[in-house]
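Colleague: Submitted below is the structure of interest, expressed as structure tokens.
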């Protein structure tokens, strides 16, 4: 199977870290671009996680959770069938950080009774009963696209990953990281898609009936939530992300945009491969450094090495992610934000003359 992306369309999203109630400064707002193909839903969940204080899995402060777990806050996506369901769930690290935020005074606004002007009962009329798999593929890949229904393996994972075929793009099946069958899509006899899994309708109805309404939770309820992983409050920083969903054969992050004018450190990313690539720009404690590609043993100017250090040694903010990044696209280290985030990995490449 091949995986390709639509280069003309890129989902854009932005959120501020742990600022869900910072209304006065405008940091409580998250922005997510909707292309009309339902892929922004998971992106919106990711940004909401940031607003509630969740870090990326595998980053400092959330390194107890593997970045390969494919959870909502993972820095990249995986296609492993046993982890597709995780894309609809937060990791224990994310839950811990969100609990920390919700227990703090800066989350007082979430305890208010919200004024709801419109509500949609997703359980009674899920979009999967209205939009077919073929129609969903057409929303993403064009009017001639169809669901790859003749591939048995594809049909088995449709609830977690939707694969489509387009006659003008070869006969290969293709998908995007955030592309999955819609809730309520029929996936078997008496079964429907629910949170990335094909489940019996009876179990889905039971789960919907047991949903908890958090709007009425009191302050005491949040205060009773234990902290399981972290004792310190998350560091507030801004998050800006681009197209963290699409699958592409183009070099990873080859033309990613950085937004250096934002007042706080940012996390920025771009449409990538079958993964959700995001590059974390240098934190405030790191001094921005201009580096140049050079031959081994030769330095053209001072200040070309990374400044991010841990115990005197150059370190990656997320070693697993960085190694995967430079394996897919060694040229990514030409970007300053990549070099600061993947300090050791990029330095190794530079030293070897790659």
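From the backbone N, Cα and C atoms, a Cβ is placed for every residue, glycine too.
As listed in TrEMBL for this protein:
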ACT_SITE  47  active site
BINDING   46, 50, 56  Zn(2+) binding site
COMPBIAS  229-238  compositional bias 'Polar residues'
COMPBIAS  285-303  compositional bias 'Basic residues'
DOMAIN    1-114  domain 'Peptidase M12B'
REGION    224-249  region 'Disordered'
REGION    285-306  region 'Disordered'
Colleague: Relative to the Cβ position of residue 56 (Zn(2+) binding site), how many further Cβ atoms are located within 10 Å?
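Modeller: Cβ-Cβ neighbours of residue 56 (Zn(2+) binding site) within 10 Å number 29.
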Colleague: In the domain 'Peptidase M12B' (1-114), how many residues does DSSP call helix, how many strand, and how many coil?
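Modeller: Each residue of the domain 'Peptidase M12B' (1-114) counted once, the result is 42 helix, 7 strand, 65 coil.
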Colleague: Over all shown protein chains, what is the count of other CB atoms within 10 A of the CB belonging to residue 50 (Zn(2+) binding site)?
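Modeller: Other Cβ atoms within 10 Å of residue 50 (Zn(2+) binding site): 29.
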Colleague: CB neighbours of residue 47 (active site) within 10 A?
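Modeller: Residue 47 (active site) is surrounded by 23 other Cβ atoms within 10 Å.
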Colleague: For the domain 'Peptidase M12B' (1-114), provide the mean pLDDT of the predicted model.
Modeller: 85
Colleague: Between residue 56 (Zn(2+) binding site) and the residue listed as 'active site', how far is it from one CA atom to the other, in Å?
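Modeller: The Cα atom of residue 56 (Zn(2+) binding site) is 11 Å away from the Cα atom of the residue listed as 'active site'.
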